[in-house]
Amino acid sequence: MHKRAIYPGTFDPVTNGHADLIERAANLFEHVIIGIAANPSKQPRFTLAERVELLKTVTAHLDNVEVVGFSGLLVDFAKEQNASVLVRGLRAVSDFEYEFQLANMNRRLSPDLESVFLTPAEENSFISSTLVKEVALHGGDVSQFVHAEVANALTKKAN
């Protein structure tokens, strides 16, 4: 089965939870595109170019994973990338309602685009980019939550 999947997100920064889901998706699909949303309304700490580079570092060992920045509608990006599946992560029940609404909107806009939900490993289920940034901002050690390169980048941003 030839399936191209997109795992979209802001990834500001990419966490071990994201990396876990990327590995799971890479085992399920022939080709996985990490679609990094420009998303200026979220006021990301890292630029789009920085987020792309960090994701490339984190996924360098995965031959079937590609990292691409994008802006605009996700369904349009999926069509440009010839992807038929969107991969989304669910950490807790609280994520489900938003993801359910998003999946239905995407299906309405692009009926052939299917959403697949993956859950992270238990040890990553509480990690969020927001929490990681908050810990780093206050000088805390985030090395157990992110790749070493990401931890270094966060330290540089905090100083």
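Note that Cβ sites are derived from N, Cα and C of the backbone, with glycine treated the same way.
Swiss-Prot lists Thr10, Phe11, His18, Gly89, Leu90, Arg91, Asn124, Ser125, Phe126, Ile127, Ser128, Ser129, Thr130 as binding ATP, and of Glu97, Glu99 the one it places in that same site is Glu99. The Cα of Ile127 (ATP binding site) lies closest to that of Arg88, out of the binding-site residues Lys42, Leu74, Arg88. For the pair Ser125 (ATP binding site) and Arg88 (substrate binding site), the C-alpha distance works out to 14 angstrom. Glu99 (ATP binding site) and Arg88 (substrate binding site) have their C-alpha atoms 8 Å apart, to the nearest angstrom. Across the structure, Leu90 (ATP binding site) and Leu74 (substrate binding site) place their CA atoms 18 angstrom apart. When the binding-site residues Thr10, Ser125, Ser129 are compared by the number of other CB atoms within 10 angstroms of each CB, Ser125 has the fewest. In sequence order, Tyr7, Pro8, Glu99, Leu102, Ala103, Ser115, Val116, Phe117, Leu118 constitute the residues six or more apart from Arg88 (substrate binding site) in its chain with CB-CB distances below 8 Å.
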